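Annotation comment: TrEMBL describes 1-54, 63-164, 173-273, 285-385, 397-501, 513-553 as domain 'SRCR'. Here TrEMBL flags C21-C31, C132-C142, C198-C262, C211-C272, C243-C253, C323-C384, C353-C363, C466-C476 as disulfide bond.
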Amino acid sequence: MGKTKHSFGPGSGDIVEDIQCPAFSATLRDCNVGSNFENTVGCSHNDDVGVVCDGTKFVSGAVRLVNGNVPYAGRVEMFTGERWGSVCDVAWDIEDAHVVCRQVGFKRATYAKKGAFFGRNSDRVVSTGYNCRGTELTHHDCPLSHGTLLSDCTHDNDSSVICEQDSYAEYSVELTGNATYQSSRVSVFHDGQWKSVCSDNWDWRAAQVTCRQAGYVGTSHTVDENAFIDYHPMVFTAHDIVCDGSEYHLYYCSLNWDSRTCVSNMVASVSCATSYEDILQDGDIRLSNGSSSKDGQVEMFDESYWTPICGDDWGWEEATVSCRQLGYLGAITSYTTIEIHDGTEFIWSGLDCHGNEYRLQECYVPNTGWELTSHCQRIGGAECALSQALLRENGDVKLVPDGDSYSGTVAVFYRGVWGKVCPDDWSWSLANTVCIQLGYYGAIEATQNLPDTDDALDYHIHSLQCNEFESHLKYCNLDYAWEDEVECDLDSHLAAGVVCTHQYQDVPSYGKPRLVDGPDAGHVEVFLTESWGLVCGDSWSYDNARVICIHLGYRAVLTTSSIPVTQDFPPVLLYVA
């Protein structure tokens, strides 16, 4: 369907006008251009045209035979403008019928029938007919019939044909199997026989032409060598088929024929596309060898082959772009795998993305362009997100082990990886930021935890710093604090943790006291310098104890005492006179 008046925005540069294309032109090179690019008159970029491509199953110009009850006879219908329609019989003759029979795979026509011989079409008439000589491969090669208007044709004028039974046109193709859901074996008719096609040099271009000739829009994916269907070898084979991918019939490709058995006993196969969106283009990517359709190693299609991408420089940004290109919202994780499967000799390298690109081809590559290398030990992979809730941003946090617990070891997300925080310099203000970020009112305490035995996270954050009341770690010095490998200064068996609270009164403030070991009795601790500490008992008095009790909401002091300090206690932070 065409679009006018810069539906997709005005362009720039030279303008060409009065393009006239014959029906079923394969490329713009087949069209006539009325004006040259420099001297266009009467057109501006406000008149730029656009196009919305159809995603239908059949290629425009495909033909079929309907209502004949046998494959070699029926009413002639043609696919144009999103649906099927009949052909007017005003100029219909045996030469036109020969071409239609040849296009559907038979050698020639026996009869050209007029007057809706096989019944009337209930939809529409799409063509006034052609002036074929009878030798053309398809009606693409025939001139249009002139002198008859579509409005003059009714379904009483529907054309029909009866093809010569058991005769097949030279270079006709036959797909054995379901061509759109699995790999189908390809056979080509030559010298009076159906011949298998050897998989030697079979590639995406030849598969594209084969599917197009069979009436589909193209091939949906290539079939690697392991997927070729293994049949008992046929003596007469076609081999070394070479196409450039733009042809609509194998006749225009280069084929070699000889009486030999295919060396590998493997015959060529195809999987045909049911919509234009399914047709492969250079730069398309896929996920392979994963646990689901949303996860796997990233491979790129180029020059008929799927090739993995080196993971040496692979990161969160590259995984994010890959998932976006595949239609997902983004990446949940990025990873690399050491396993390189047998047969992988070369992989893409040199990729560097910012993370905001829509296709990997938009990312930076070295001046030499994409490089194929055989010296890579890791392959890049990604796990993609279908919902916004699964997406993560740098600085997201969770408590380990997972769950609804208000306390635990802190894990921080950065560039696709979850990592633990070293307990060095871990403070209440950092813990408070984590708790606020998790939806709590704040932190009661910053802890140093012994990680859970099932915790497989590595240490990645050292010397993290935040302002006192930040609401998210992304506002802290995460770029500086994150490292691929971190050795903590303190006990490496401990990790930074938190105890969070939903209660305002539980959040400590400067000078706030608490009783430890009991609700109304225990040793006194005071919150100072972002941590809880002891009050020295050398000069501790009844009046000091009374102030603490009143601060905590009690009316009076029953008794007061001092106890010895052991190594299990926090440091002494306050001395009283």
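For all residues, glycine too, the Cβ spot is worked out from N, Cα and C.
Nearest in space to C353 (disulfide bond), taking C-alpha to C-alpha distance over the disulfide-bonded residues C132, C211, C272, C323, is C323. Within 10 Å of C243 (disulfide bond), counting C-alpha to C-alpha distances, fall none of the disulfide-bonded residues C132, C323, C476. C272 (disulfide bond) and C384 (disulfide bond) have their C-alpha atoms 27 Å apart, to the nearest angstrom. Using a 10 Å Cβ-Cβ cutoff, C323 (disulfide bond) registers 25 neighbours. With a 10 A radius on its CB, C466 (disulfide bond) counts 20 other CB atoms from all the protein chains.
Regional average pLDDT for the domain 'SRCR' (513-553) in the model is 85.
Calculated from their C-alpha atoms, the gap between C363 (disulfide bond) and C323 (disulfide bond) amounts to 14 Å. The candidate set comprises the disulfide-bonded residues C353, C363. Of these, C353 has the most other Cβ atoms within 10 Å. Of the recorded residues, C198 (disulfide bond) and C211 (disulfide bond) place their C-alpha atoms 17 Å from one another. For C323 (disulfide bond), the nearest neighbour among the disulfide-bonded residues C132, C142, C253, C476, judged by Cα separation, is C476. Packing around C243 (disulfide bond) is summarised by its Cβ count: 20 other Cβ atoms lie within 10 angstroms of its Cβ, all protein chains included. In this structure, C476 is the one among the disulfide-bonded residues C384, C476 with the smallest number of other Cβ atoms inside 10 Å of its Cβ. The disulfide-bonded residues shown are C132, C253, C466; of these, the one with its CA atom nearest the CA of C211 (disulfide bond) is C253. On a Cα basis, C253 (disulfide bond) lies 40 Å away from C384 (disulfide bond).
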